[in-house]
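Chemist: Dumping the structure here so I can ask a few things about it.
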Amino acid sequence: MSQVHKHAIPSAIAEHALINPTQYQQYYQQSVQDPETFWGEQGKILDWIKPYSRVKNTSFDPGHISIRWFEDGTLNLAANCLDRHLAERGDQTAIIWEGDDPTQSKQVTYKQLHHDVCQFANVLKKLGVKKGDVVAIYMPMVPEAAVAMLACARIGAVHSVIFGGFSPEAVAGRIIDSNSKLVITADEGLRAGRAVPLKKNVDDALKNPGVKSITNVVVFQRTGKPGYWQEGRDLWWHELTAGVSADCPPEEMNAEDPLFILYTSGSTGKPKGVLHTTGGYLVYAAMTFKYVFDYHDGDVYWCTADVGWVTGHSYLLYGPLACGAITLMFEGVPNYPGVNRLSQVIDKHQVNILYTAPTAIRALMAEGDKAIEGTKRDSLRIMGSVGEPINPEAWEWYYNKIGNAKCPIVDTWWQTETGGFMITPLPGATELKAGSATRPFFGVQPALVDNIGTVQEGACEGNLVITDSWPGQARTLFGDHDRFEQTYFSTFKGMYFSGDGARRDEDGYYWITGRVDDVLNVSGHRLGTAEIESALVSHPKIAEAAVVGIPHNIKGQAIYAYITLNHGEEPTPELYTEVRNWVRKEIGPIATPDVLHWTDSLPKTRSGKIMRRILRKIAAGDTSNLGDTSTLADPAVVDKLLEEKQSMKVPS
């Protein structure tokens, strides 16, 4: 592979950093040797109604998977995100909203957000929503989505946020599984200038005979085009809130009371409703936000994630608001109306901290300098990456072009199920290597194990497991604790299995190699798809690549690569040969792709994750059952890939 560059901690960052290298070592040692004391102290980042005396009560033992943190403490999430800031920063901006249309933006102060949340919480109560009831939220990226989530938390209702990109079938499935009482939606969403028919999708979802629990649909007016309207069931947000009191005391919640359910996308069969509870989750979201982004008062922070993704829960809303931060919520996409939109938003709002996904970075990288045209981006101090391993070339481009070669990049590894960051750099404490998630956060004990569960020491490669609990950990899968144990704790007994593979280098840094089901076994050699994809994307003409294995009667598996070229590049037989030789040079002959499939776009979820399950089936010619494609941002991509596959002439 290409030479690994090491980036030192910039002196401008080191000078003011909340955590330095010595402190990282001290805190980390204490956090794993004496978690009771460490987390007992860190839990004070929140305001508790009744302080906890029990900190950690967890078991990863087979048949006894139980995760409880701060279990005798009580608190309210909305009070921690809003009320406690009013005296000192009531007039400070809480949310900067940037519309899909660049001419639309607004700022919401902590005082205003508190008012709107209390008012809407009273509306929910009037509609019969009680503590413990589940409320489905299917909203565009508007401040009212945050209001709805915080209002649920204020009264002790459990929210189940559903991606605005999900189909009616997916919405119905989640409503049925969670037994949601109410749906909160909008007439339409706006994305890249196009309307998204949210209300129509809800109408279609509610036609499913399995949906029996919904009493009302609350509709926020975004575009003024509601379409079908069912009197008695459908209610306008603005009519419900008119004249309603904004006095709503926060419900006292036990630390282990459920806070939200979030369904993980892309798996076949019944959706998995990951359940997070109140206390441990918020301690972890607030603490990871503060230290990983090195957040200082007054910093403008922008996480580009949708609220329907766990990143939107933990790092667009709850982590930042618990810390009294200024958080930017963006309705649009990074390349609309022009490919320099992301850079324009940074300049317009003087963003100091940017957190986005490799898929967005690679899309901008394919446009070259057009992505930064007419912008300075000199307000940026810290940048982050989330969602999948970032290949070193994209990392370096992000670092040099977007960040002007002065901003540390926190490449964060974590999952819906972990609640917050697990392996990540700290800006003032970690030297960076492009493409590495570096070291574990406080209290996180990763290990690499072989396929029979033997822990591997030193520099090695293996299955990434976590050997003990942390406060942000999901407690169960909603209504299915057996499946929770089966999915995460049965492969390697006594350990949480992430489903990812990783390697650890001689400095103890972790490199995520991709999902373990994305590991190829070519002639007995283990190859991570992320490694081959990195090599492909380092080719100057390639924008994006996804690699899967297909059955091969001699090698076991052959390498099938889907490739999107940069703007203006065309596939040719010469390029086909050149790309195969390129990978051969970068990794070795064993990693040479057997098949290159040129395509304009890959099947992705709204959160930007490539759906490899579908790519594997298309590559193998197994098109009989592609499974659930309703979670795709653009389901038409699948038909296009199938057509391309039919017409492919594979050079020998």
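For all residues, glycine too, the Cβ spot is worked out from N, Cα and C.
The following feature annotations were taken from Swiss-Prot:
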- R191, A192, G193, R194, T311, N335, S523, R584: CoA binding site (BINDING)
- G387, E388, P389, D411, T412, W413, W414, Q415, T416, D500, R515, R526: ATP binding site (BINDING)
- V537, H539, I542: Mg(2+) binding site (BINDING)
- K609: N6-acetyllysine (MOD_RES)
Chemist: Can you list the residues of the same chain, besides V537, H539, I542, whose Cβ falls within 8 Å of the Mg(2+) site's Cβ centroid?
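Modeler: Result: E393, A535, L536, S538, P540, K541, A543, E544, A545, I563, V579, W582.
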Chemist: Between R191 (CoA binding site) and I542 (Mg(2+) binding site), find the distance joining the two CA atoms and give it rounded to the nearest Å.
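Modeler: R191 (CoA binding site) and I542 (Mg(2+) binding site) have their Cα atoms 26 Å apart.
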Chemist: Of R194, H539, R584, the binding-site residues given in the record, which has the fewest other CB atoms within 10 A of its CB?
Modeler: R194
Chemist: Have a look at the recorded positions N335, S523, V537, K609 and say which one has the shortest Cα distance to T412 (ATP binding site).
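Modeler: If we rank N335, S523, V537, K609 by Cα distance to T412 (ATP binding site), first place goes to K609.
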Chemist: Let's check the environment of V537 (Mg(2+) binding site): how many other CB atoms sit within 10 Å of its CB?
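Modeler: Excluding its own Cβ, the number within 10 Å is 22.
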Chemist: Among the binding-site residues A192, I542, which residue has the fewest other Cβ atoms within 10 Å of its own Cβ?
Modeler: A192
Chemist: For W414 (ATP binding site) and I542 (Mg(2+) binding site), what Cα-Cα distance in Å is obtained after rounding to a whole number?
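Modeler: A Cα-Cα distance of 27 Å.
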Chemist: Which residue, of the binding-site residues N335, T412, S523, has its CB surrounded by the fewest other CB atoms within 10 A?
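Modeler: Result for the binding-site residues N335, T412, S523: minimum number of other Cβ atoms within 10 Å at S523.
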Chemist: At a 10 A cut-off on CB-CB distances, which of the binding-site residues G193, G387, P389 has the highest count?
Modeler: P389
Chemist: Among the binding-site residues listed here, T311, T416, which has the most company in the form of other Cβ atoms within 10 Å of its Cβ?
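Modeler: The most densely surrounded of these binding-site residues is T311.
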